[in-house]
Structures are given as structure tokens and as C-alpha cells.
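Pulled from TrEMBL, these are the features on record:
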- 1-22: signal peptide (SIGNAL)
- 98-118: transmembrane segment (TRANSMEM)
- 105-245: domain 'Sodium/calcium exchanger membrane region' (DOMAIN)
- 139-161: transmembrane segment (TRANSMEM)
- 167-190: transmembrane segment (TRANSMEM)
- 202-221: transmembrane segment (TRANSMEM)
- 233-251: transmembrane segment (TRANSMEM)
- 366-388: transmembrane segment (TRANSMEM)
- 394-413: transmembrane segment (TRANSMEM)
- 425-443: transmembrane segment (TRANSMEM)
- 428-578: domain 'Sodium/calcium exchanger membrane region' (DOMAIN)
- 449-471: transmembrane segment (TRANSMEM)
- 492-519: transmembrane segment (TRANSMEM)
- 531-554: transmembrane segment (TRANSMEM)
- 561-580: transmembrane segment (TRANSMEM)
Amino acid sequence: MFCGIFLPLFVVLPCGWQLTSGSELLRNESGVRVGMAGRWSSPVMAENNNDECDLVMNYSVADRCAFVKKTPDCSMEDGFINYLEVAFCLLPPNLTPLTISFCIIWLFFLFIILGLTASKFFCPNLSAISSSLRLTHNVAGVTFLALGNGAPDIFSAIAAFSHPHTAGLAVGALFGAGIFVTTVVAGSVALVKPFTVASRPFLRDVIFYMVAVFWTFLILYRGTVTLGETLGYLGLYVLYVVIVIISAFIYNRQKYSDNTSVQNVTHVPDFHSSDSSDDDVPCLTGRSIHQEYESEYRPLLPYSESTSQILLSSLNPVDNRRWRRKSWKWKVLKVFKTPLEVLLLLCIPVVDPDKEDRNWRRPLNCLHLITAPLVCVLVFQSGAYGNYMIQGQFPLWLLFLLLGLFVSAIVFCSTSNDCPPRYHSFFALLGFVVSAVLISAAASEVVSLLHMLGVVLRLSNTVLGLTLLAWGNSIGDCFSDITIARQGYPRMAISACFGGIIFNMLFGVGLGCLVQMLQTHADVQVEPEGLLTWILAGSLGLSLVLSFVIVPLCRFHLGRAYGIFLLIFYVIFLIIALLTEFGKIRVT
């Protein structure tokens, strides 16, 4: 799968030096977007067009570094690294392909950081917060769980909307991830495990997603997002949550009345009925499974670890029992992930409600009180506060370090290794904040890196968003949904396909535009990058309409023929998108 992500870059790498993308556009002085004059357009003309950074490839090799340094549009303030200076100034021009290769490897690790932080830290802490608030499964599923699963997409969209020249990444990623999940992932689920989908939840999710896509299409057509429309995006998701809760309440009430009408008969949910709700599918990560796994390896005699042993075992992300059972592919990937996991374990606390001690690790949790606030200060807004001085004399990071040491000493002296304190749930909130900051920082790096690749390879932000960014953020969903389907829960997988992307679309656009409005105090300008954006939006809308028509005609049975149809649809869409990007398909 990872090879499938990065192969298109190596395919277009040689082409990027000779072809001018059909979606490369300039802006004339009146604000109207016009087609680029060609690869060898005059630098003087480029300077008269607001010095957009995409024009760097029009200059000679010797002048590109100076252009990048003096052009404000190339500053890339939202990342730790200025990748354009790395590509054009750090290494000689003849080593640019090597630079691109290193950047692709770094992109691979950024996606791993996003996935690890979301799955290992962000989601468990959200689960702990929802259990502490005693939320029902429906409310937690469409709020906290959706936020946890869609965290990379949401933060990537917020980072992309922060600048007009990267807004195409957000549009491409949200639409691209939507069409990828609803075709490739949903089609794979239907191929792996043909089943009958729950009719009412399926129609509800498809209708809401079609409304969100059509609304976004209108915004792209108008080119402006107002505050009312932004709040409308967020309000539409609130309406979706309310309908999910009400429908689940009505269904459970009907099921209860049916159960009470039958005496001495235990009701067993019918998983093949088209009227079943989303709650019929049991949770795979229930408390009983986890407790059975722990009780199997629980020592017969009481044994207490020392503080140093607890710290060392807590920082070890490799389970020896699982290591022996896994395949060599899993082991190779685990070797790459282990250093990153250790660093994340040092910085982010995790509260696990499924464990008896709720994952209380006294020495590590006390260390988190020092490292977590320090990481937030150094990473927030790409390190903008790392050098901040209070009244020009005292570093901000040193203040947080001293406060962390003081609080950590108090907690260490007032707690024990065996029993978690009453305020242990606070660590879930701390872990949520730190993981959100790290995901936001990694997403900003991904957006900056993809923007550099688009400039160097002469690819539009939209095509990078619908390919690399969409695939990278959807890999976890793809693997998890197919695995769930293989385990015999295809309805849970198909619900995740449509329910999660509704949250990503509405909150990705809504929250991204709202953050930008709060910073600029003006409406957000969203400028579609030519024909490719309309093909992307039209393809996503067409796939949803076809699913809305075909699935009811098939009596809500998703078979292998439907799965093959969805996969073919995505391949055709991807071919048309790439041909449009390279100017083979154009509107005359």
C-alpha cells in the first residue's frame, strides 16, 4: 500500500521537468485566473503577478534559490522546515532528484507519526474522556470517536486552509479521501464479505454526505466562504448527530417494546435484517476481550515491580507475545515505528478505561507532567513560542519546565505505584491536548512538504491532495475497515466508511474556514484549480448518487459485483484526473 502511495511521484518525476501542468494558473492584475503562458515565460512577467512561489520553475537553475529567498509567498511560515529552500538552496541543482527522494521518505515518516499519534494516543484518551463523561455509545461514536478517527484529515484541512495557495490541498484531500473511502474501501469490504447493509442508517449517511458535497460544490463555484456558511457546516453536523441519537433512541424503544411483548424469550439481534440500527454491531474492543487477554498472562503469585522497572516497561512498545505471533511484514514496520513510539510515550500520557489500573504508570505519568507542557510550548504553531521571552527576559519554555518539575514532585510524593489517584482522568485531558498539538504540527509539515513537491514537480495542489494526502490519511481507515469486515462485521466497516467522512467533510471545511476567519477577520477565498476540481467534485457526487440508486435496487445487498464496480469507478476517475492534470483533457 505504501508503494502505491509513492509510486505516482516517481512516475511523474521525470515528466515534471519537461511538462507544464494543465492546472498551473496565474492571476492577472484584475484577479481573474488565466492559463500559464508556458514553461519558459518571462521572469519579468512573473514578477508582475504577485510573485507567486509556483513560478520558481520558470527561472534558470542558478536564479531559483535567490527567487525563493526573496519571495514572501515562499516563506512557508507554518512548518518547522522551509522545504523550498531545502530543494533549491541546500543541495546542488543536479542533486534535486535525491532531495525529492529524501522528502518522500520524510513524508512517509510524517504519515506514520500522524497514524501513531491518532491511533495510540489521541483515540484512547478521547475514549477515556467520553467514558468519564458517561456518554452513550451513539453520542461518543459520532463525536469523540469520529474526531479521533478523522484527526489527521481535520488538522490537515486546517493547516491547508491557513494559506490561499494551499487551500487546494484541503479541497483535494477531503474530496479525494471521500471518493477513495466510498469506492475503494467500501468496494473492498463488499468483496471481502458480501452482506446486507442496514437500510435506514445507510440512506441517512448517504443523504447527509450528498448534501455536504453539493454545498461544498456551490461554495467552490462562488469562490467565497462566509461566516454564516461556515457555521452552517458545523450546524449541519450537529443536526446529523441529533438525528443519529433520535433514530437510535426510537429503534431501541421499539426493540424494547418488542422484547417485552414476548415472555421468557431472550431477543437475539438479527444481523441480516435491513431494519437493524448501528448499535447491533458489537464493539470489537470491548472490556471483556481485553480482560481475558490480561488474565491469561496474569502471574499466579503477587509480584510488585520497582519504580525503575515500571518506567522501563512502560517505555517498551513491543509486546514479546505479539511479536512471536506476527508476520515478518508486521515486524519490519514495527522496527521503523518503535523509535517514534518511544518518543511519543515519553511525551503523551494515555488513560485506558479497559485496564484495571486505567494504565496508571506512576513514574512515567510524573515524567509526563514535565515533558507534555514542554512539548506543547515547543511545537505549538510550528515552534512560534519556542523562543518567546516573558517581558524580554525569561524564556517561556523554562517557566513551563519549572512548573512541570514542581507539580511532578508533588504527584510523585503523594501517590503510589499500585493505585491511580482520583485525578487520573486529568491525564486523559492532558494526553488529548498534547496529541492534538502534535497531530496539528505533523499535518502542517505534510501540507508544506506537499506544496514543495507540487512546485518542483509542476503538480497542482488539488492532485496532490486527492492522491498523496488523501491516500496517506485514509490508509488506517482502509486497513481497519477491511480487517473488521474479515472478522465478520461488514456493517460496522461500511458505517465507518460513510459516517467518518461526513465528519471530515463538514468539520474539515467548517473548522478550517472558521480558524482562517478568526485570523484574518475576512471571508475565506477558495479558488478552484481549473477543471480538475470540478472533475473531483463531480466524481464524488456521481459515486454517491450511484450508490444511492444501485444499493436500494439490489435490496441493500452489497455483493462482489458491486465491489468490483466501485473499484473500476475509482480507477477510471484517477485516470481522468491525471490526464486532466497533464493537459490531455481540457475545456476549449
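Keep in mind that glycine also has a Cβ here, set from the backbone N, Cα and C atoms.
Bear in mind that TrEMBL entries carry predicted annotations, made automatically and left uncurated.
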> Counting only pairs at least 6 apart in sequence, do the transmembrane segment (449-471) and the transmembrane segment (167-190) share 3+ Cβ pairs under 8 Å?
Replying inline: yes
> Do the transmembrane segment (531-554) and the transmembrane segment (366-388) come together with 3 or more C-beta pairs under 8 Å, pairs six or more apart in sequence?
Replying inline: no
> DSSP helix, strand and coil counts for the domain 'Sodium/calcium exchanger membrane region' (105-245)?
Replying inline: 124 helix, 4 strand, 13 coil
>> Please report, as numbers and ranges, the same-chain residues at least 6 past the borders of the transmembrane segment (366-388) whose CB is under 8 Å from any CB of it.
In response: 77-80, 311, 346-349, 395-397, 400-401, 403-405, 407-408, 411-412, 427, 430-431, 433-434, 437-438, 441, 444
